[in-house]
Amino acid sequence: MTDALLPAAPQPLEKENDGYFRKGCNPLAQTGRSKLQNQRAALNQQILKAVRMRTGAENLLKVATNSKVREQVRLELSFVNSDLQMLKEELEGLNISVGVYQNTEEAFTIPLIPLGLKETKDVDFAVVLKDFILEHYSEDGYLYEDEIADLMDLRQACRTPSRDEAGVELLMTYFIQLGFVESRFFPPTRQMGLLFTWYDSLTGVPVSQQNLLLEKASVLFNTGALYTQIGTRCDRQTQAGLESAIDAFQRAAGVLNYLKDTFTHTPSYDMSPAMLSVLVKMMLAQAQESVFEKISLPGIRNEFFMLVKVAQEAAKVGEVYQQLHAAMSQAPVKENIPYSWASLACVKAHHYAALAHYFTAILLIDHQVKPGTDLDHQEKCLSQLYDHMPEGLTPLATLKNDQQRRQLGKSHLRRAMAHHEESVREASLCKKLRSIEVLQKVLCAAQERSRLTYAQHQEEDDLLNLIDAPSVVAKTEQEVDIILPQFSKLTVTDFFQKLGPLSVFSANKRWTPPRSIRFTAEEGDLGFTLRGNAPVQVHFLDPYCSASVAGAREGDYIVSIQLVDCKWLTLSEVMKLLKSFGEDEIEMKVVSLLDSTSSMHNKSATYSVGMQKTYSMICLAIDDDDKTDKTKKISKKLSFLSWGTNKNRQKSASTLCLPSVGAARPQVKKKLPSPFSLLNSDSSWY
């Protein structure tokens, strides 16, 4: 993927009317979404403080011998655990605050669930990158102050992306730029000393790593989360809005699935493979729900084939939500998924199952065999509506027999009312769902409609009706699927392209310092030929020519000629430049390639040479004692309140005890003042 994105030649970083890529939304704007993110930031800090207090109490309990002290510490530890549980419930309340993200013109529709953006702390790239440029590339790092400032501005802007395609492009631009930065400045054999801290969007617990892959994985997660917010913002009262919502949720599922497949050892619960699998299912379920709304938007005619289609579409939505609820109820996801999300999935599963039975009942009760009716087609549709017909009934006989149709239709109404009752009951059990007024209205209206329809057709002998309505077969005319991110469609210019072509001048390759070669062309003969393009190499060097005597070697890369940078020049351009000096003395600087360094794993967001085990290993649950390449035992994942307990102290302490980065840094010269410098909080979000 990266190879397709490499720039063919240096491009100007500043383009007219293209400055938005360094800008997010105004972080000081008091919008509903910004207030929600600010509350999330405050909660994250409180959770971090509580986790540190619990870790300290556990350490004290471990070393204390006095019984009174131990009893007091145990009491304090119980208070801290209680505080953590309350903070977790508050964070869950933010995650189910769906009203903030819905379209302002939403009317009578069930809200959709968006994902909140992960938060991060500031990172100062300046000192580390300048030192590496001087050490590895033998160039003055201060010549790249503007490029480093651009990178830091871009990262800061990604903390407040706008809720539209521009915001998505901003995040994807930074993700691709991180690929360039990783290739140029992050060798696989050592850590660079940059600490990246990101907060879990579901639990609020911070994770810190010196690995750039944590940064890339978190940016991808935020890209998927932003797509979900775009999807919930779409106007679901219009055909175009619903199509946009379907597309946004499919793209969100694609980004999250790509994250799951690419970064397999993620360091936080919200990016663990199990959690991401559930989130992908949730996005596809919401896309399928939008498909049903798109079909129902023009109105549902009381016509046989239309009702069959709508009933099966509703059954499809109910089926995917039932599968989603089952996935949310499995360990280890169950311990960390917001309870309100699982409850809403269960509510929707019953609600749409009820709609499937309701529409089936209407088509059976109101059906009339009129002259010219295509009974064969209707018989085929009715037979495909069920896996099997009730005992003693056949599709054709049921269509012709009014009594059988009404009895079967009322059986469907009874099942619809049962599902409605279950959806209302499930919604009433969850405090967060009870506070969503539009959800309560939709559920009650649907339940009342089914009840009134049944009352209109109720007869005295209905208790003798022994027909059990079968389940409706789920079917859809538009099967939703993930849409993978298309990074290759986005043109991104490497900020540090002045260092040279990335395929050659990267952190994986070691170079000699530039050597100055002074020589002259004798009778127009340079004494060597050239090969390659950007950069050009010395080839077929005459051992007796002046360039060879001056120290040139075959295979050297030409980086400059008479102070003209040649790293991006083609062979013909370099040859033309050399010949332009005639027989005058030429000063040429060359570098030689040293031995290549070994590569590291590229699919683990937590792999790092020489680092002790971190919080990410809790997610992996890998047994410490098994050091062989054989299959390792998987231990049970920990719940929110069991992080950092005594028996798991070795696994959790390294990440929860976060260092503070406060070293003095040289002033970075920026092109434009950043509005983010006005913020006092490390993790302020829009």
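Every residue gets a Cβ built from N, Cα and C, even glycine.
Which of 46-66, 172-192, 529-549 counts as region 'Interaction with Rho' depends on Swiss-Prot, and there it is 46-66. Counting residues of the region 'Interaction with Rho' (46-66) by DSSP class, helix then strand then coil, yields 18 helix, 0 strand, 3 coil. Counting residues per DSSP class in helix, strand and coil order gives 13 helix, 29 strand, 37 coil for the domain 'PDZ' (515-593). Each residue in the domain 'PDZ' (515-593) has a pLDDT score, and their mean in this model is 86.
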